């Protein structure tokens, strides 16, 4: 699925104009003048007199499934789409007497993610039990880290685009409150015909990282961009595949509205957001809903709402009457998790039993923000190009492969990739991986343009043909369609001469000073050459001949 | 033969004086004949005989696995045993057949031990009498001993055989009765607040509670995860050490086991008692302590002193709060551990199907007895957000104070503490049930449960018979991971006091079970 | 000599012997089955949750999915709460809560290997109700009816 390119002005209506009672203003870049009217919270604007301004506050709780072979506390396989209950250990099924044993890989993943998000990694963290009854929670409690999670106090920086183009003039930061390790629950499949629920525990016990983002965001677009950036980071680290459609990344949003300068409003929790696009939509809907509710004199309930994709709105989930109390208790079967750094590393340590934060930090893979910077430097492309390259799954690799195999300039290649290639993909709703044109083919085509074997318009034609994927190579198509540029200077001069001879009036006009007619003559020559002549050369020849 | 120690019978097996099959059959017969004790919930006759047969083959080839090969043992019914019903004496798990063996069970089986069956307990190990399980109460074999009967006649009590029987103590009463009545040579119990030491004292056995973290709890259906340990019940200290040696060690399946290497647990003879420092905690002179137990306690202290040991009074100032502290922490963990019993994946399931919650509630109502349900509710109360700090965290703080009391005492040069194990000898069942479970537990666990809170090793050693002819035992408590030293002292003490063997001759004779060995019980324990 | 002290303690009549004024006030209470509320100098006003309200009962029953069944159950809880109230008498200023005796140990880490094969038959075998290879639960988590809507509380 192609990821949407997020445009603040179009996708989200950003509500908070004017000051917000938040400390994060200092982190926001100064807005580009003239374009900020609809940008969220970037400017310190006075509320327009008479207008009843609203500010929205959005926080996120994100659950990312850890990419590991086995589960967080047991040795059963982390599988997707396995037959029901086929990768469930005795511990996952909560058989009495079974005990949790922590997976080292999950710890490492959490540390990597924490470091990438600029968190403080706690050298000592603890596990707790969170109690509630649900059919997909066999033990009647979830093991999580409530008191002392593995990482705290980080931040994530993301860039919003303004207007129609990708010009990341607004850099935002959202604070990461904490990252904690916890168990995933099983899956319930509701069978309404037989009035029963089928329980599959394959997912029960899979390791999750819960990333809590503070309510520093103010609209759907901001939240969506932040989540997108987190996705890119997780994928770059390899700690989670973070695919929302497959449930590897789940986002719950906490939304509230208030008048600028007044205290924060009651918040609702919005769940069941299965894609970045729905995430933005749901949040914006909920903001709007709350504003209207309050405008009409109603109250906002502290409740949980689900996003209904079909209706495009949030619906109140049937809430439990009476309050929920998770009765957190320390997990007695897991002693404290101790992490080390270069200084505190015990000398005779078993490497299997030791997780060294410094060692991990030194080997952290390149993060998206660094990648973008590197691309700009390496290829001389614009920053917004690098954003666009990373924003589409597989596009960066595609670009880099093309660059390796072509002699064309990066700037030219980027243009092709971001407008023509991407355009074709979007039109047909395809992912990069589904492209009928391989990077090698495109590389070849661009090389031919660069060496002036064919003209740009001809290349576009070839591209179209290649896309139809009829098995023909670039060379074959060019030959068939007779698209090669006429290189022969004499031949060209002859044709030009002929055209001039046939159109004495136009010649006269040019000699009288009408330059526009030159283009007409160029056009005629082009037609005469069946488009196989480079317009620039035609112009040169004609100009010479017209003197 | 059945009255021998582990070491002795193992030697007999090796020398061919008896075969594993014979031994197994004898034990199985005796189990049948002593069925009225209600010590066993499940007897695995076929399986046991098969194991015995395999053991026999190994002995014939001279390839015995070790000292436990061919030795009949029993396991408390809260340990998971693959393919064998494990009920915890609760309706909730009636019919539940675990697909795996607890690590301790596996270790015993790997050594060739013959598992005779699963023993009776209080439901989910909650209780101090082994009277509150769905399979009924366990009877103390001493109720039928010559020693007890004679004393009763002397005091002109009606020798009402059937209704006046005594409790075993609990919650590992089934295991205690099984060992005490010679149906097996060792049994596994569990100890959370004294559940192994208490019945050991009342049944005249050695009951060892090892250091927390020494033995794997994987497969032990938990009561209080932060205090439970598998317990070992045997007829002499050395047997307990042998079993400990097999069971101790890191288990990668249990994150609460110590990763450092442990052992060995062979017990040297304690030669220099003079180097020992015995501590007598003054706060353990609790109300309710019978004068007889006090006297024996005093006598024991005397004994140590007379052999040159330094015997000092020490103080464990927070002893009086240990019951309350235990009460809060125990019920809170119970509330949590019992949350998994909902009927969905295993165990009892009710017929209600209106909604998941209704189904869970009905299943739990039908599956748990009052004791369990009461503790779940209390525990949940203490874990409520508004109560958590006042009760649970407070209790955790008191726990630290209690544990620190012990640390201070051991740091002051004391090697081993000497205390009573129980308030008195075993009482008749009818008297016992007059009070409710929690009251009893709170009272009976007083000498034993602070040890669980501190995670220390402790052992009950039977000392002598009371004026009623019933066993009185004393408890020795050691430093964490000093189990070997503790047992060394215990072995010396055992040798000094020469606790008499239970005389169940009349019982045996009337059963007429043995073809060859009629006069069992008068064999004294040889070294 | 320890002997004299022990005998003295025994003769003194079974007091727990804890030091301090506070402890003396509690002397008679150890091990007894009387659960009087705390009244020592350290009491901080009425005990939280001292009385078991109907609201609390319902709240606990819902959270624990275990019912009190009858008045005896409620009385039991009341007694348990009062009993636990005795903890307030202990001075725990500056004491760090002890979660487990293992607090100085490090958590054992397992390698990320798949060591458990599919054991679906073994798992399903113990369940009373399965459909194909799924466990079966009733529909949804519909909340239990309120107390008033249930059957009246029965005497034991």
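Numbers run from 1 along the shown chain.
Glycine is treated like the rest: Cβ placed from N, Cα and C.
Record features (TrEMBL):
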ACT_SITE  B:76  active site, charge relay system
ACT_SITE  B:171  active site, charge relay system
ACT_SITE  B:195  active site, acyl-ester intermediate
DOMAIN    B:25-145  domain 'Amidase'
DOMAIN    B:167-487  domain 'Amidase'
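Residue B:76 (active site, charge relay system) falls within a strand when secondary structure is assigned with DSSP. With DSSP classes pooled into helix, strand and coil, the tally for the domain 'Amidase' (B:25-145) is 47 helix, 19 strand, 55 coil.
With a 10 A radius on its CB, residue B:195 (active site, acyl-ester intermediate) counts 38 other CB atoms from all the protein chains.
Sequence-distant contacts (6 or more apart, same chain, Cβ under 8 Å) of residue B:76 (active site, charge relay system) comprise B:118, B:119, B:121, B:125, B:172, B:174, B:175, B:187, B:188, B:189, B:190.
Annotated pair residue B:195 (active site, acyl-ester intermediate) and residue B:171 (active site, charge relay system), C-alpha to C-alpha distance, rounded: 5 Å. Other Cβ atoms within 10 Å of the Cβ of residue B:171 (active site, charge relay system), summed over all protein chains shown, number 38.
Across the residues of the domain 'Amidase' (B:25-145), the predicted structure has a mean pLDDT of 95.
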